[in-house]
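K.L.:
What follows is a single structure, and I will ask about it in a moment.
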Amino acid sequence: MAVTVVNHPLVKHKLGILRQHDVPVSEFRAISNEICRLLTYEATKDLETEKVTIQGWAGPVEVDQIRGKKITVVPILRAGLGMLDGLLDMIPGAKVSVVGMFRNEETLEPVKYYVKLAKNIEERMAIIIDPMLATGGTLNATIDLLKEAGCPQIKGLFLVAAPEGIKKVVDRHPDVDIYVAAVDERLNEHGYILPGLGDAGDKIFGTK
């Protein structure tokens, strides 16, 4: 597994805005998608391209096109939906799979309540999106079900992550690459990231 922190001035600046306790809902949504676009750029650098000839304005011209890689984006409900538009802006042809999970606040273990995967998942690279990688339990459970369905390659994009969660995922799924805007200090006793973003789902959907 490779853990890539996208250490770019634009990412740092935008993430700093998201950390403000009183950031408006509309701004939180917009910036979450902006950061997701930048993470997507990094996560897709290894896509292979091929030369094809198209008809340009002045005649035939040779261009590069992504070669046959089928992609599905997997938002983890509900907060992951807040990054979906950003990724689809970059890869509009990606199919959308949906995984619904919530964390039991007493045990901190993930509870699955909904799964709808794209067809031919065994032929697709899956890109999981979720604002926060905290304990790692939800991500591990999502990776488990994607692998059980036959998905051959999996990546994850996150706004912030905790070291504890990264380690948990690395130990269980060393073949999955993670891209994150920042690795924060730690988890608190309730399993929340510090300094973190607060409840990203509430901030995205205006239910805080």
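In case you wondered, yes, glycine gets a Cβ from its N, Cα and C as well.
According to Swiss-Prot, the feature 5-phospho-alpha-D-ribose 1-diphosphate binding site maps to Arg78, Arg103, Asp130, Pro131, Met132, Leu133, Ala134, Thr135, Gly136, Gly137, Thr138, Asp199. The uracil binding site annotation in Swiss-Prot covers Ile193, Gly198, Asp199, Ala200.
What's the neighbourhood like for each of these?
P.N.:
When other Cβ atoms within 10 Å of the Cβ of Met132 (5-phospho-alpha-D-ribose 1-diphosphate binding site) are tallied across all protein chains shown, the result is 26.
Within the same chain, residues at least 6 positions away in sequence whose Cβ sits under 8 Å from that of Ala200 (uracil binding site) are Phe28, Ser32, Ala79, Gly82, Pro131, Met132, Leu159.
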K.L.:
For Ile193 (uracil binding site), just give me the three-state DSSP call.
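P.N.:
It is in a strand.
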K.L.:
Which are the residues of the chain, Ile193, Gly198, Asp199, Ala200 excluded, whose CB is within 8 A of where the CB atoms of the uracil site average out, their centroid?
P.N.:
Pro131, Met132, Tyr192, Gly196, Leu197, Gly201, Asp202, Lys203
K.L.:
Taking only the binding-site residues Ile193, Gly198, Asp199, which one has a CA atom nearest to the CA atom of Gly136 (5-phospho-alpha-D-ribose 1-diphosphate binding site)?
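P.N.:
Out of the listed candidates, the nearest Cα belongs to Ile193.
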K.L.:
Take the Cβ of Thr138 (5-phospho-alpha-D-ribose 1-diphosphate binding site) and count every other Cβ within 10 Å, whichever protein chain it belongs to.
P.N.:
25
K.L.:
Tally every other Cβ atom lying within 10 Å of the Cβ atom of Ile193 (uracil binding site).
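P.N.:
The answer is 27 other Cβ atoms.
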K.L.:
For Thr138 (5-phospho-alpha-D-ribose 1-diphosphate binding site) and Asp199 (uracil binding site), determine the Cα separation and express it in whole Å.
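P.N.:
Taking the Cα atoms only, Thr138 (5-phospho-alpha-D-ribose 1-diphosphate binding site) lies 15 Å from Asp199 (uracil binding site).
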